[in-house]
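Please read the structure below before turning to the comments.
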Amino acid sequence: MAARDTGSLLVVGLLLFIHTWGAWGAVEVNMEDRVEVELGDTAQITCMFTTEDGIGGTIIQWYYVKYTGEKQRIYYLESGMSYAEKGTPLSDRISVNGTGATGVVVLTIEDVQLKDELEFICIVKSLTVGTAEGRTKLRVFHTPEMPRIEGVQKGISVREDGLSKIGTCEVNNGYPQPSITWYKGNMPIRSVRGVINVVPSITTESTGLYSVKSELSMKVVKEDEDELFYCEIKYSIPGGTNMMETPTINVTVFYPHTALEMWIESPKGHIKEGDTVTIQCSGDGSSPSTFTISGPKNSSSDSDVLVVENVTRLNTGDYVCIALDMESFNDIIVNTSVVVNFLEDVVIKPAEIIVPKGGELQATCNALSSLPTKAAWLKNGQEVSKNHTLDVKDVTFDMAGTYECVVTAQEVEGLESSGAMRVHVEGGPKIQTLNSTEVEESMDTMVPLSCHVRGYPHPNVSWSTSEGKIVPTTSEKETNDVVISSAIVKVTGDFIVYCNATNTFGDDSVAFNIKAKSRGVIIAVIIVCILLLAILGSVLYFLYKKGKICGRSGKQDLNKGKSGKDNIVVEMKSDNTEEAVLLGVNGEKQAPNDQ
């Protein structure tokens with residue numbers, strides 16, 4: 001019994017020794033849980049291990065797990081010898097860095113494909129202390145293309161039964177599968193039975209990438225006409241997630257009119273005769289509708305705009321707009337009033353008036369209008385009164401002529417009318433001369449004369465001389481109670497010409513004193529000029545003798561001749577001969593060679 005117990009203790013002790021020794025020399029392998037890489041990039045999977053055996057006592061093998069669960073070896077490394085297994089999908093694209101001497105080996109996979117998304121196993125086997133393994137999952141990613149959104153092209157009525165399609169969003173060629181979320185404004189849209197329905201569809205392309213499509217249908221309301229819809233796409237990338245957004249779309253929502261509005265678009269403010277009036281009609285709905293507008297004088301339009309050109313006061317009245325809903329065939333009616341303001345022709349009383357000189361001028365000016373008016377009287381463009389009545393006392397000839405009365409409507413710009421009145425100031429003639437009555441001209445000169453004569457009735461004007469001769473009138477015209485008469489006389493000596501004016505109220509005359517200029521004065525002037533020329537010639541010749549003209553040596557030549565006062569000569573030449581005649585101061589001729 002004691003011997004049996006002793007043997008049992010020896011077996012237990014041996015087992016404990018073996019277990020402890022194995023723990024000291026066990027193989028350990030450390031690997032990342034996952035490695036993430038973009039499609040087409042290069043992936044590196046690291047295997048780190050520890051073992052008491054050297055490189056010669058260690059075998060390293062790489063496997064991947066098939067979709068069936070089986071393991072497929074792809075790489076073998078032992079005692080510095082390594083090779084990739086042939087005939088696997090990875091044979092041409094993998095390599096292993098390191099010999100294991102440092103406890104690190106790296107599996108490199110080039111041009112990563114979607115089918116490479118597998119679990120990879122690194123198995124390290126020690127010839128003395130056992131075997132250990134580590135596993136890493138390879139994740140492959142591909143960023144999808146830019147998403148597209150398309151809204152319905154036709155309008156949607158709020159009266160439609162059931163749900164109406166709003167639009168579709170689509171994103172193609174992503175991996176893993178991207179997701180689509182609809183937004184209305186800034187709020188995400190979720191399916192609600194009978195109100196909103198979001199239907200996704202997923203397509204796996206031949207490349208293994210995913211394309212996702214989402215269709216939104218909903219029950220539209222009036223408020224949706226101002227809403228913007230868009231889609232948000234979320235997709236995975238190495239190390240996290242990313243997102244993209246589509247452009248926004250809106251939908252045309254048809255809803256019935258509940259009220260109409262009618263207004264005058266132009267002109268703004270008061271309307272006057274001759275204007276072009278534009279009337280518009282609009283409703284608060286958006287359903288397809290037909291509009292008609294009608295008004296006085298058979299003015300009408302089969303649209304929501306009515307244009308009436310060159311309106312008159314007969315266009316004043318009520319205008320009616322009718323909107324017929326093409327879905328329900330219900331109509332709505334609204335009206336508005338139009339007032340066309342007018343101003344008739346000016347009436348002046350009297351239109352022509354004769355006022356005695358020194359008397360009083362009175363006239364009235366009015367025009368029938370739909371608005372209050374104001375009047376202004378003008379003469380020669382200058383304002384003389386601001387009342388409908390013109391009242392002028394102590395009238396003079398200057399007040400004769402044409403007066404214009406302008407009547408304007410006070411509240412409408414451009415609405416005005418005007419008329420004219422002719423005023424004659426009755427009185428005897430009054431002559432005005434525009435030039436001097438003292439005239440001095442040479443004999444036989446023709447002298448024009450004129451005089452302006454005021455008075456009414458228009459005076460008769462005649463011309464005569466102090467010798468009793470009648471001078472014919474060359475022209476005569478009448479303007480604004482002024483007679484302008486002209487005559488032409490010939491200067492034959494000193495005499496007087498009379499401008500005579502007369503009418504039933506008296507007469508007037510003006511005398512023009514005509515004087516002939518004397519011929520003796522002219523002769524005296526000519527003689528003085530000749531003497532001045534002679535003196536100038538003498539001075540020039542004197543300077544010539546002194547040698548101060550033209551730089552000639554005339555002084556030496558002249559010294560050879562005679563000296564004395566007779567040597568002062570004047571040389572006179574004609575244009576037709578080279579011969580010069582020299583005259584001394586005493587008037588004697590000298591030969592040219594004596595010069």
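Cβ coordinates come from backbone N, Cα and C, glycine included.
These numbers come from a predicted model, not from an experiment.
As recorded in TrEMBL:
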{"type": "DOMAIN", "residues": "147-250", "note": "domain 'Ig-like'"}
{"type": "DOMAIN", "residues": "256-341", "note": "domain 'Ig-like'"}
{"type": "DOMAIN", "residues": "344-422", "note": "domain 'Ig-like'"}
{"type": "DOMAIN", "residues": "429-511", "note": "domain 'Ig-like'"}
{"type": "SIGNAL", "residues": "1-25", "note": "signal peptide"}
{"type": "TRANSMEM", "residues": "521-544", "note": "transmembrane segment"}
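Counted over residue pairs 6 or more apart, the CB atoms of the domain 'Ig-like' (256-341) and the domain 'Ig-like' (147-250) come under 8 Å in at least three pairs, which marks the two as touching.
The average pLDDT computed over the domain 'Ig-like' (147-250) stands at 95. Within the domain 'Ig-like' (429-511), the DSSP-based counts of helix, strand and coil residues read 0 helix, 58 strand, 25 coil. Across the domain 'Ig-like' (147-250), DSSP assigns 5 helix, 61 strand, 38 coil.
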